[in-house]
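Per TrEMBL, the features are as follows:
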{"type": "ACT_SITE", "residues": "ARG131", "note": "active site"}
{"type": "ACT_SITE", "residues": "GLU134", "note": "active site"}
{"type": "ACT_SITE", "residues": "SER157", "note": "active site"}
{"type": "DOMAIN", "residues": "118-190", "note": "domain 'Cyanate lyase C-terminal'"}
{"type": "SIGNAL", "residues": "1-27", "note": "signal peptide"}
Amino acid sequence: MMHSLGAAIFVTSLTVVFVFNVDLVNADDVCHKTLPARNVPTMDRSRVTQKILSAKVKNEMKWSEIAAKIGRSKEWTTAALLGQMTLSREQASIAKELFDLTDEETAWLQIVPFKGSFGSTPVPSDPLIYRWYEMINVYGTTIKELIHEEFGDGIMSAIDFSMKIDREQHPKGDRVNVVLSGKFLPYKDY
């Protein structure tokens, strides 16, 4: 006999209430019946990313070295191999050799990925990624205001976009210098 409780999260301005979803399975059902199997794909883009990261660690590779072989910036190459960009056939072929990928894994590198590295986590828990979240949380409205004041009503593209990350020498400790450059895309009147 199988029982199920409902699940929901209710949020109001003052209260958060959690209701958990629990399946209760009778031991006789497990012993005498076969529970439905879950279809798990043998390969997907996230598994390819994990294989790439494993090979990178095992072979003590650097992103800058990998990027030089792929023929793109270290920033774009890192994003691509972490599952956020689509590689060309030639780039994927190089990655295949670098990371000892199968034909199927190489094909996954050439499929447009589901973009967004945070997944379903509402607030990232990794400290470095959280700081970027924090920066946008604190300075996002400032950035928005200054872009609108300078350019008008529109957005900064993350498609027609480039990024450069460098170490900047500083007497109080080296600094991370990040330059984000995105095309301004104005909203159209219609």
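Placed from the backbone N, Cα and C atoms, the Cβ positions cover glycine too.
Cβ neighbour count for GLU134 (active site) (all protein chains, 10 Å cutoff from its Cβ): 13.
Remark: SER157 (active site) has GLY182, LYS183, PHE184, LEU185 as non-local neighbours, by Cβ distance under 8 Å and separation of at least 6 in sequence.
Counting every protein chain shown, the Cβ of ARG131 (active site) has 12 other Cβ atoms within 10 Å.
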